[in-house]
Amino acid sequence: MTNARPASGILRCVLAMAGVVAFTLIVSAQPAGASNLTATNSRSVILSIEPTDPAVMLGVIGGDVALRVRAEPGHEVIVLGYEMEPYLRISADGATSVNRRSPARALNETRTGTRTDSAADSTAAPEWISLDGSGEVVWHDHRIHSMTPADDGHEWTVALLIDGRRVDVNGELRLEPAPSPVPWLALIVGLVMFGVLLGCRRSQPDGTIAAITGSLLSIAMAVIVVLDTPAQLGRQPLPILLTGVAYLCSMVALLLTGRGRRIAVAASLALSAGFLTTVAKNLVSAYVPMIGPAVAARAIVATAIAAVIIGVVLLIIGSGRPSAQADESRLS
């Protein structure tokens, strides 16, 4: 009879956290769009531009997700689609536009290239739709990534017209070996052991500090992911919002006691855990979509995962221990 209430409290805590994690995963799951930046082991590199033109700068974004072309003012650039039709345009004044009749417009909306548009016609006169005035276009291109599981690398060419002159951008898709997860797993295990031992020194551990730490690291990772995504690909603020709510819950926990604190901590940990499942692939992927070195992203993710695990363990341990108020009521 003595352990029935703590055990039921632990069960409710675990079920509630599982529910919040599931909700977070559903809400934060992005549509299967072509331009979602994610950790990967494949990378496209530009090998040559023939003939070279100093008026244009090119680059690959997200390993193999998108191409970026920027033109100096006074130069017109047209990106040719899969059937050599005009697809994207940078005008001499920096205005950018997309050809509504280009088949590439619909095909590039998904990574599998299965979406089509009945109005698309590569032989029709271009119908330009204005985009912005940035002097830069960023687009997903199926030529620079693998379209089948059997493709472990290939050479590719994307054609441009720069001031009416044909320019070929030649590149190669490379499959890179995945890094070993062992160092990061060792870091997580070490941090968890240290954090749990330290937290258990309290008479009533609740994981509040771990929740604060995990949410702050999750916010940092969410901001990095969002800022690393070019505006043309569509930045999703939802990761920052969810991790921000996780931090808010952890701070509210500081103002509460007993069951209220445990609920706030559980909500914070669950929200952080839900977000971290979307970036955990960083630990085992050669390419990590972030500003700065990949090792920094892996360190942030590993430490955040450890903090969440510490918080969950301490929360469960604390829920299984009778509170000081319960002890006093039994003594009275």
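In case you wondered, yes, glycine gets a Cβ from its N, Cα and C as well.
The feature region 'Disordered' is assigned by TrEMBL to 100-124. Through the fold, the region 'Disordered' (100-124) approaches residues 32-34, 81-87, 139-142, 145, 147 of its own chain, all at least 6 residues removed from its boundaries and within a Cβ separation under 8 Å.
Summarising the annotation, TrEMBL assigns transmembrane segment to 182-200 (among others).
If you look up TrEMBL, you'll see 207-226 (among others) marked as transmembrane segment.
Taken from TrEMBL, the feature transmembrane segment covers 238-256 (among others).
TrEMBL lists 263-284 (among others) with the feature transmembrane segment.
What TrEMBL lists as transmembrane segment is 296-317 (among others). Remote same-chain residues near the transmembrane segment (296-317) are listed as 10, 13-14, 17, 179, 184, 187-188, 191-192, 195-196, 199-200, 205-208, 210-211, 213-214, 217-218, 220-221, 224, 262, 265-266, 268-269, 272-273, 276, 279-280, 282-283, 288, 290 (criterion: CB distance under 8 Å, separation of at least six residues from the stretch ends).
Counting Cβ pairs under 8 Å to the transmembrane segment (207-226), the top-ranked stretch among 182-200, 238-256, 263-284 is 238-256.
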